[in-house]
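Let me begin by presenting the structure, written as structure tokens, before commenting on it.
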Ligand code: DCP
Ligand code: MG
């Protein structure tokens, strides 16, 4: 008996929160991200703006050139989005007790047990969407399939406001036309190797014998890709799965040489990682910088801190010093991001209550400050308060 896994992903999340809270902005192109005229990138944009070819991680200057004059530009209010995220996760827990949050706007649910109570998968999916809409006034896209891979891909095919159910017997047809790059484990080394074999789609991958995949991708990845191409993937949903790391990275649509854009982007990544770490009560010692140059040359550098932290400024500072320590300056960058890991013994690496609304226990001074700032941002929203090192600070 196969499981029934549901993946839910909110539509244009930050932008939708802004349009929800400002009715006059609805139906209009809206960008959440850097200030026009400044350095920095688009965090996300409304579907009205996507029609002009604008998307996450595009430099703001480029977005401005493409978008019409009536476009609304908003700076991100992370704490507000984090609060909505918690509300949504709370709603999901009323649907199934087995919810695994994987990012600020996505989660997996095991809904295997619900068919006899609620009805067929499409009814369960419709119920999830309706409850989210009722609770927070936002649309979400839902995908349902026998495992995480299929559910995730399914939630993406009919965005926004989509609902896609892929029954086990349709998994093969569903996957066949998709580009093989959507499979897990396909990375910087693997993609070109498969391309050299003339592979474009998952259907093409399925034509290759296991032995060929093992030869070209190595034993582990070879088997993994072979299985996924046949729709076989992880179907375990674990609400308390201990995170190995929390990270955020951005791939630029065009290579970026401007150090100020790289700095802005790392600050954004530090804010996101810090915010999730604090909400989930993780303090980490190891900060990792990830950087990629055209086309697939990827480097990571790590630094172990004396004091475990979940502080935006500490994360950014460590990653930026790692960046500055290398002779990279001036080289056009394709991807940049940072992560935190090496959880401190006091947390034991155990994920605490993910959906807790209270501020985290105050720990070292920095974390207390960050928690206070989160609380103030929650309360007064928007740009009520900024850290000296924040991406929104003047200058
Ligand atoms: N985000 C960001 N920078 C990125 C990618 C995402 O700041 N490079 C933020 C803004 C998004 C949120 O994370 O609103 C969720 O990311 P998604 O990839 O789910 O994108 P959206 O929810 O905005 O759009 P979609 O409808 O495609 O899910
Ligand atoms: Mg989303």
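Numbering starts at 1 and runs along the chain as displayed.
Backbone N, Cα and C define each Cβ position, glycine as well.
The predicted model assigns the domain 'UmuC' (5-187) a mean pLDDT of 95. Per TrEMBL, the feature domain 'UmuC' maps to 5-187.
Neighbour density for residue 9 (Mg(2+) binding site): within 10 A of its CB lie 20 other CB atoms from the protein chains shown. Among the features that TrEMBL reports, Mg(2+) binding site is placed at 9, 105.
Marked as site 'Substrate discrimination' by TrEMBL: 14. Around the Cβ of residue 14 (site 'Substrate discrimination'), the number of neighbouring Cβ atoms within 10 Å comes to 26.
Neighbours of residue 106 (active site), defined as other CB atoms within 10 A of its CB across all chains, total 19. Per TrEMBL, active site is recorded for 106.
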Between residue 14 (site 'Substrate discrimination') and residue 106 (active site), the C-alpha gap once rounded to whole angstrom: 13
Nearest-integer angstrom distance between the alpha carbons (Cα) of residue 106 (active site) and residue 9 (Mg(2+) binding site): 4
Where residue 9 (Mg(2+) binding site) falls in three-state DSSP terms: strand
